[in-house]
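Report on the structure given below.
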Amino acid sequence: MKSTSKIYTDKDSNLDVIKGKRIAVLGYGSQGRAWAQNLRDSGLNVVVGLEREGKSWELAKSDGIIPLHTKDAVKDADIIIFLVPDMVQRTLWLESVQPYMKKGADLVFAHGFNIHYKLIEPPKDSDVYMIAPKGPGPTVREYYKAGGGVPALVAIQQDVSGTALRKALAIAKGIGATRAGVIPTTFKEETETDLFGEQVILVGGIMELMKAAFETLVEEGYQPEVAYFETINELKMLVDLVYEKGITGMLKAVSDTAKYGGMTVGKFVINEDVRKRMKEALQRIKSGKFAEEWVEEYGRGMPTVVNGLSQVQNSLEEKIGNQLKDLIQKGKPKS
């Protein structure tokens, strides 16, 4: 088992490394808005690059950030930060960034997908690095404003200047990440572990586990409302406990009956066959097969995603959940 020997913090980073450089943040969604405002509030020179004038354009202006068309934002930029969705980045790169960026400008990413799978092939004279906050954009902004920060990963793909890590840590400091801690990784490791986590637990695994448990109870004659509470609604409380106190803390917080049942039946359900399938899923990611399939799916208008979302929206568990929302919300204390 490999473990990092270094976690970078504020004392390892210096904003002076990028002071005076023009930073173009491409995109003004969840992460883009947070990064642009945090970097601006850290005293850095920031503009936002957008493909068209619209809601994001007006939002940036109202936040006091200068919005420009992408090609205008990148032409004078020393540092170009890609904060648009993965599947938009290649087209944006080919049409609005590569033809207009100045020679030697840094390319920065928050996720390694496009670089790792070679959907974007950067110039040989550019530093290429990544800062990947381990939290959503609004949290990155909220923590920064409160004097804290969201932990992040940092990776260097190309270090032409010899100062790529210093610049990456300066960007990380600018968004508040070094206040918490920044862990070194690689584009390969970040991409593959991120995709794996999404597929087998955070989205795919949890979704199918909840669905299977709910349907098992309903098929055996239990009330759907009761099944929903026991297999879906209570998940948040357990996840919050794990987030705040770790798995041990969660186990200490639940009943002895729950501990015993979880420790015995959990391994029966998540058995060696499931672990084997997890390794197969990881191999699809490592081989590039998943990326190849996803690029093709996206190009066809995402029929699998559209159909899957429709099935979820029309499922019994979703209908029951919607019916119970008022009941669930009614019990929340007034803030």
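Any Cβ shown, glycine's included, is placed from N, Cα and C.
Note that this is a predicted model, so its numbers are computed, not measured.
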Further NADP(+) ligand in Swiss-Prot, beside Tyr28, Gly29, Ser30, Gln31, Ser56, Asp86, Met87, Val88, Gln89, within candidate set Gly112, Gly135, Gly137: Gly137
Cα-to-Cα gap, Ser56 (NADP(+) binding site) vs His111 (active site), nearest whole Å: 21
Winner by Cβ contact number (other Cβ atoms within 10 Å) across the binding-site residues Ser30, Ser56, Gln89, Ser255: Gln89
Neighbouring C-beta atoms (10 Å sphere around the C-beta of Tyr28 (NADP(+) binding site)): 28
Among Asp194, Glu198, Glu230, Glu234, the most crowded of the binding-site residues [Cβ within 10 Å]: Asp194
Local confidence of the prediction over the domain 'KARI C-terminal knotted' (186-331), expressed as mean pLDDT: 96
Count of other CB atoms lying within 10 Å of the CB belonging to Met87 (NADP(+) binding site): 16
Among Ser30, Met87, Gln89, His111, Ser255, which are recorded as recorded positions, the nearest neighbour of Asp194 (Mg(2+) 2 binding site) by Cα: His111
